[in-house]
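What follows is a single structure, written as structure tokens, with notes after it.
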Amino acid sequence: MAMLGKRKRRSPEKDARDGSESGSEEDVREVFRRHFEARFKALPEAVSKERKQDDLSESEGDQDDSAGEDGEDDWEGLSDDDTAPVEVVDHAEVSRVAMEDEESAGRAGMRAFMSSKPPSSSAAGRKPTKPPLTNDSPDSDTETHNLANDRALQKLLRESRLLSESAGSNGPLSSLAPMGRNRHKAHELHLLSLGAKGSVHAEQNVPMLKRKGMESAAREKERKRRKEAGETGVVLEKARKEKTTRTRDRGIGVGVGRFKGGTLKLSQNDVKRITGPKEKSRRGRR
């Protein structure tokens with residue numbers, strides 16, 4: 001910012017030099033003006049211009065003299081009103097936010113580095129998640145309606161045999177809701193579809209022969225039902241196969257050969273495996 005100081009007074013030599021230069025220019029203009037007026041017509045504006053120039057030069061000289069004499073008394077320095085307000089910028093808030101972002105990114109990177117899980121794909125390669133549907137949108141109403149229809153259809157397919165039994169015993173169906181004993185069976189099927197391990201109404205303390213007969217009758221009944229459904233074109237639920245684990249028990253018998261009729265029979269391979277390979281003679285010829 002430039003500092004304001006006293007105004008220097010023009011030197012008399014410089015004023016004289018400027019005056020001589022302006023005088024020579026005016027003399028040249030005066031010669032041209034007279035030559036022009038001699039050949040053509042006098043110029044009325046020339047006199048007025050000269051007077052204006054003289055007045056301006058005199059006024060400038062007076063102002064310079066007054067400024068030189070009264071400059072020390074009139075100048076009082078810089079005032080507070082003339083200075084523009086200084087704009088203050090606080091960088092602490094910006095730096096604090098930047099430091100918090102860096103710390104959070106560093107903590108996330110440290111957790112990913114120390115984790116035992118394999119690194120996942122970058123955030124740029126992840127698939128953009130769909131925005132959740134609001135309750136006011138028509139798409140959400142359609143999805144909810146379709147989901148309710150799917151559940152109702154699955155329940156109808158699961159309880160179709162119960163409805164057929166009710167129709168055969170009590171005549172035509174009055175409603176799709178199972179009644180009496182079939183209602184308990186419907187609840188049992190629903191629990192099994194949700195992941196129940198066994199039947200809720202299964203009897204635990206039953207003799208083994210009676211239990212085996214009940215299981216075989218249930219399997220035969222299920223086989224007939226699926227066969228009839230396949231012939232009539234009815235779509236049933238997917239059959240659930242029980243996983244059976246077989247453990248190999250070698251028993252306490254011998255591990256080689258075959259024991260039959262009180263006799264242990266060994267094959268040639270068994271004999272070789274027991275005796276091992278024959279060693280060749282290391283003695284040379286005599």
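Cβ atoms are placed via backbone N, Cα and C, with glycine included.
TrEMBL entries are annotated by machine, without manual review.
Taken from TrEMBL as is:
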COMPBIAS  1-11  compositional bias 'Basic residues'
COMPBIAS  29-55  compositional bias 'Basic and acidic residues'
COMPBIAS  56-84  compositional bias 'Acidic residues'
COMPBIAS  152-162  compositional bias 'Basic and acidic residues'
COMPBIAS  212-221  compositional bias 'Basic and acidic residues'
COMPBIAS  237-251  compositional bias 'Basic and acidic residues'
COMPBIAS  270-279  compositional bias 'Basic and acidic residues'
REGION    1-184  region 'Disordered'
REGION    202-286  region 'Disordered'
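Using DSSP to sort the residues of the compositional bias 'Basic and acidic residues' (152-162) gives these counts of helix, strand and coil: 10 helix, 0 strand, 1 coil.
Broken down by DSSP into helix, strand and coil, the compositional bias 'Basic and acidic residues' (270-279) contains 6 helix, 0 strand, 4 coil.
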